[in-house]
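See below for the structure under consideration.
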Amino acid sequence: MALTMTAHFLRNNPIQLGLNLRVLLMLSFVSGLVYGSQVIVPPKVNAVLGKNVTLSCRVQVDTNLSLTQSSWERKLPNGWVTLAVYNPMFGISIPPDYERRLSFRSPSALDATIMLEDVGFADIGVYTCKVATFPLGNTQASTTVSVLVEPKVYVSAGSSALIDGGNETTVATCIAERARPPADVSWETNLYGMSEAHMQEDANGTTTTQVHYIWQPSRHAQGHTLTCVVKHPALQSDFRIPYIINVQFAPDILVLGYDGDWYVGRENVQLKCRAKANPPAQHFRWIRLDGEMPNGAERVNNTLVFTRPLQKNDSGVYRCEVANDIGLHSRDIRIRIQDPPSTTTMPPTTPVRLLTADISATAPGNKQRALITSPTLAPLHEGSLGTIVGGAVGGALFLLLLLILAGVYYQRQRRTFRGDYYTKQYHGPSDMQKAPQPHELQQVYSKGSPDTKLKSNQDNGTIYPDKDREEWGDFDRERSPNGRSRALREAGQLNHHNHQNHEHGFHSNHHTGHPQSYSPAHHIQRSSLQPQPRRYPAPQVMSNGSPYLPEDCYDNEYVSHTDGSMISRREWYV
């Protein structure tokens, strides 16, 4: 508005242009200084009823400005009321109505914070902090004060006692009384109950909140804890109050003392009745159900004591009755008195030394058990010695049986034929083609059969060395002079030495450059010369590569084995 009026004036009065320009520059400078000061207050402050509250006011002033004074005012229905004034030159001024309750915290050109004590509901309202600077003028900011009422919290028990097995009832009630605003109330527990809340409006805008916990009582929850939890802005932290549940129930009874081994003559025995009850049990009673209480059985509080040795007629059913304010419960127990244990003595034993242990046996008249002492062995129970000896003997017999079986198996393996009964097929290992012993050939060829006589050489009457069957693999390269195996040659030599007085005739047809052939032998007088072996045709290699002779080249169809048995060349053995 000032700038508009100045421009209008300059249009109408151009002569005063220079003076008005100076005025315009001054107004612009003042307008820029408006943004050079600032008052900072919180928008809202919560005060607790009956306690102190702080109203903060910070002043930010530019260096080109100077603080004249700072003050607090309150708006009432009939207008504004000044609460406090601070002037750097004249000091602090507070009206008499607030002189005892209001004060500046630390007055200065930058701080106008005040403190209000003993806040009441009348202090609710809007408060304004004003700052006067030169040449700018006044700057202000307002805050709203609310009064909170801290609740009064307590827990009360239900109207009726908690009886085990009763109906659902109120266990306890958590109350947050006269709170502003209303408090948040709840129960914390591990029981399976439910909460029920009620709220009541009071004067001055406060509220009372009640939360009931409803649950069906059970003796198993005796001693458990409920926790009342209250949350409110006036509280620095959650308010928690524990409540212990008290459930009343009739006695739970437990009878002690009977171990099932009561026998005639046993002494110092008793039956004790223990009861768990709320309230505590006040009455105990022992009775016998199947007859009169025997003589010598006395009732002492909750215990039935037998003051004499047990007798057979003490057997029976006994009952313990326990009562309290809630009810009466009982527990029955059947007692069986057995025959006395036998007193037979153990038979005498002889001392036995086992390893390093010293064992002493009991005497016939001594009731002490065998004592075993050893630095390395723990004492053995009766009968353990026999078990150990029996186990050792059994183990030795088992090892002996294994050795016998191993020997039998080894002997059978040695007598087992490892060759092939099919003599027309060659098998490699040389130990399967061992030459027969002389005494074995003697049994085969000593019967005088013309087909089994040895043939002599027509030329010089000597027996040429020949290769074994193991060497038949190179039969084509080096042929035996007489075409016979070493076994036949050795057999011929044996017959020559053992039968010098017998006559054997050997005839052979020998043609140079033709294959040898043989014919049946004839008996002739035995000369001083050695018998002449007969030449046999050279063995032909079979089409399957076997170096054995054809079947018609052998004198006999049986061949001897190392164990003395005879094996046919033509038969199959299964």
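Cβ atoms here come from the backbone N, Cα and C positions, even for glycine.
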N-linked glycosylation site: annotated position in Swiss-Prot, out of Asn204, Asn544: Asn204
Recorded disulfide counterpart of Cys273 (Swiss-Prot; options Cys228, Cys320): Cys320
Cys129: disulphide-bonded cysteine as recorded in Swiss-Prot, out of Cys57, Cys228: Cys57
Residue from Asn64, Asn460 to which Swiss-Prot assigns N-linked glycosylation site: Asn64
Glycosylation sites compared (Asn64, Asn167) - highest count of Cβ atoms within 10 Å: Asn64
Glycosylation sites (Asn52, Asn301), the one with most neighbouring Cβ atoms at 10 Å: Asn52
Listed in sequence order, residues with CB under 8 A of Asn204 (N-linked glycosylation site) and six or more positions away: Phe121, Val149, Arg180
Local backbone state of Asn313 (N-linked glycosylation site), from DSSP in three classes: helix
